[in-house]
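Chemist: A single structure is presented below for examination.
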Amino acid sequence: MIRKDAKRSALVLFSGGQDSATCLAWALERYETVETLGFDYGQRHRVELECREGFRNAVARAFPAWAERLGDDHMIDLSVLGAISDTAMTREIEIEATANGLPNTFVPGRNLMFMTIAAAIAYRRGLQVLVGGMCETDFSGYPDCRDDTMKALQVALNLGMDTRVLLETPLMWLDKGDTWRLAHQLGGDELVELVRVETHTCYVGERAELHAWGFGCGECPACRLRKRGYEAYLSGEKVTEAPV
């Protein structure tokens, strides 16, 4: 059961991927008004960004009650982040582990910048809650996806803006199978199908082939994790190890 908080309004960091789409549905079920925020930071492809409008429109058609709560969409040009980042998310380079153990898909400072800009927009728009799809359980180990990071950032933003914005991360302790299950809990098979078809996760931007779990190359870490999560969702298992 999702506890509704009808007195609050939220801003969802919405990239067009599976996790942020599930968070959008979570927020639409919970809050009175929900706006969305995306960033163009010089990603190596724009496929995920191009999915944003399609998913918003599809959700509004499929769930009339949510359509009434779905507010404005905001797109921010953050190309400076791509200009200062040398990662597999912003360059056409092979995806691999780095010397510090993190995959080279990690974009330093990305979520810190995203949340700071989101907080500034929320301040101006009178929104009380920021919702992000960060989690500690997807095996990537990104430090800016950790619960401690988000809690510290909430304190810093509230001190720096003299406000009381709340940072919500509904996927923080869920594995990818649990994320599919949450989508089903929120909107049944219809929402699961929208997430499967209308969102994009693949690091290389492949959208030519529709697999059981969605579009993608099927080989990059993001595709393998999404596939493993979907299989775990169908079987009722937990995703207890990194997919290979």
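From the backbone N, Cα and C atoms, a Cβ is placed for every residue, glycine too.
In case it's useful when we look at the structure, here is the feature table from Swiss-Prot:
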- F14, S15, G16, G17, Q18, D19, S20, A21, T22, C23, L24: ATP binding site (BINDING)
- C202, C217, C220, C223: Zn(2+) binding site (BINDING)
Chemist: Among the binding-site residues listed here, L24, C220, C223, which has the most company in the form of other Cβ atoms within 10 Å of its Cβ?
Modeler: L24
Chemist: Count the Cβ atoms, other than its own, that fall within 10 Å of the Cβ of G16 (ATP binding site), considering every protein chain shown.
Modeler: 23
Chemist: Run through the Cβ atoms and count how many others sit within 10 Å of the one on F14 (ATP binding site).
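Modeler: The answer is 29 other Cβ atoms.
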Chemist: In Å, rounded, how far does the Cα of Q18 (ATP binding site) sit from the Cα of C202 (Zn(2+) binding site)?
Modeler: 10
Chemist: Over all shown protein chains, what is the count of other CB atoms within 10 A of the CB belonging to T22 (ATP binding site)?
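Modeler: Other Cβ atoms within 10 Å of T22 (ATP binding site): 26.
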Chemist: Cα distance, G16 (ATP binding site) to C202 (Zn(2+) binding site), nearest Å?
Modeler: 11
Chemist: Please give me the CB contact count at 10 A for Q18 (ATP binding site), counting all chains in the structure.
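Modeler: Within a 10 Å radius of the Cβ of Q18 (ATP binding site) lie 28 other Cβ atoms.
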Chemist: Taking 10 A as the limit, how many CB atoms besides its own sit near the CB of C217 (Zn(2+) binding site)?
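Modeler: 17, counting other Cβ atoms within 10 Å of C217 (Zn(2+) binding site).
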Chemist: I want the residues beyond F14, S15, G16, G17, Q18, D19, S20, A21, T22, C23, L24 whose C-beta is within 8 angstroms of the mean position of the ATP site's C-beta atoms, in chain order.
Modeler: V12, F55, G133, T199
Chemist: Of the binding-site residues listed here (C217, C220, C223), which is spatially closest to F14 (ATP binding site) when Cα positions are compared?
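Modeler: Comparing Cα positions, the closest of these binding-site residues turns out to be C223.
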Chemist: What are the sequence-distant neighbours of S20 (ATP binding site), meaning same chain, six or more residues apart, C-beta distance under 8 angstroms?
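Modeler: Long-range Cβ contacts: V12, L13, F14, G132, G133.
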Chemist: Which whole-number value in Å describes the distance between the Cα atoms of G16 (ATP binding site) and C223 (Zn(2+) binding site)?
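Modeler: It is 15 Å, counting Cα to Cα.
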